[in-house]
Amino acid sequence: MGFKKFFGIRPPEEDTPERNRDLLTEEGIATKNPNSFRKEKFAAYGKFAAANAQDHVYAPAGYEQYARPGAGADKDELESLNRAATDAGDIGNTSRVGQPQQRDPYAVNDNYNPYANGTARDPYATAQPYARQAPVRQAGPRHAAGTPYGSAAVPQGGPGNPYGGSTAGAGTGRNPYQKNMNATVYPPAAGKTANPYASMAQDPYGKGEQRGIAGGPVAMPVPMQPRPQAAAETPRPQAAAEKRAPAVDVDDLNAVIEPTNEDDDLNNSIHEGNEGLNGQGQAPRRGFQTFEELQREQEMKQQMEEDEEVDEIKQQIRFTKQSSVASTRNTLKMAQDAELAGMNSLGMLGHQSEKLNNVERNLNLMKVQNRVAEDKVAELKRLNRNILAVHVGNPFTSKRKVREAEERIKNQRMQDKMQQEETTTQLMSSTNRIENALNDERHSVRERYQRDQALERAKKYQFENDEEDDEMEFEIDRNLDKIGQVSGRLKKLAIAAGQEIDSQQSRIKRIEEDADDMDIRIHLNTSRLTNIR
């Protein structure tokens, strides 16, 4: 039974973070309040940067999926990368027994290849070429299906085709001169004999026949197109009259002749046309021009050329103004886009400055608490020394040591306050710099009266100004003025961004140095605690 159980000695309970914070506050040590909330002015730009952040990966073309975490790490995908092309499972040209063969995705479907499509026309299109096949019926002679002697329908007993009623076959039991009823839709004219050669216009080797194995046509009768009426072979008198050329108009010799133009009447006297002139007829036309006429004609021609040149200049001016309007619009659009990008960049720099300020404040707090930890470690080491080592204070130097300790604490506190004020000043300077650059100060009063000034300046470039021309001049002047304003704001944004980047670089460097120093101090305190026995 140990002394701890005998005397009921138990280790103290471990303090919670809230209890430690209260103890540090009671001793006058600075702590961080978890309930305090600092308002951030550029938090929206932080959200914007997080939403537009992209994870850039570097991988060869086609392997981007393996660069992202969790993608391409499956076992099957890894095995597929290590699988050889000669493995049994990857050979695509061979198929197992009982499984259908896969279709080649790179095969070309040729409609003109008779062996590409398995149709009824190809006797070799079956999947099993050595299986038992049904015999193919073939016609005997070449003219079995398309003979001209079987296409003319003649009444029984008429003096028509003498071979129409023949039943003699050509080795197959089929009449090669059999009538084709589908080819004779209209009966022949009464009292006339049908032309036995009327159907010779049809090609017996057309697409109605199908070639068989032996080179002859396969016995597959295809209905032929109906031929026109036989009566159309002998045109009717009315049709012949209609086809006759139109008759030429012939003058009626019995009609009364009426003069078409009284002025050109040949029966009039030669003096009738000169009556009333009294010897004063029209002036004869001269074959030359006077100097005044030539000068007048030259002036008119010169005036027309000048008018054409003026019109051409007007068109060029109009085209140039329209091009200038479009150019100023595009320039203003690009300038506004550049300004928006600069404002977003500067806003994100402001959000970064606020985050750096939080890091600096936390580092300052860590410095203060680490100094307290150093004092506590030294006190713990003194209390944990040998019981025989008696420590007796020097009464002659005790007051001096107390004054030195108080002075040291006061100086340290002043140094901490100055460092805290410097951190706050840097944040305020960064915020004011960014706010001044982001503020868009537009003078509405100036924009209200600039129309009259723009039109007054544009008068020397106009010579026939209308409402549309005034609008173009005003838009050009307004766009140029806006481009100048945007350029000034862009310059201000660029200067502010450069100053902010320089300031943040120095702050980041100082944070890095403080973090390294803090790491060394914490490691040193940990080593001291480990050496205490």
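Using N, Cα and C of the backbone, Cβ positions are placed for all residues, glycine too.
Keep in mind it's a predicted model, so treat the numbers as computed, not measured.
Cross-referencing 200-246, 341-387 with Swiss-Prot places the feature region 'Disordered' at 200-246. Of the given residue ranges 1-32, 449-480, 481-512, Swiss-Prot assigns the label region 'Disordered' to 1-32.
Across the domain 't-SNARE coiled-coil homology 2' (470-532), DSSP classifies residues as 62 helix, 0 strand, 1 coil.
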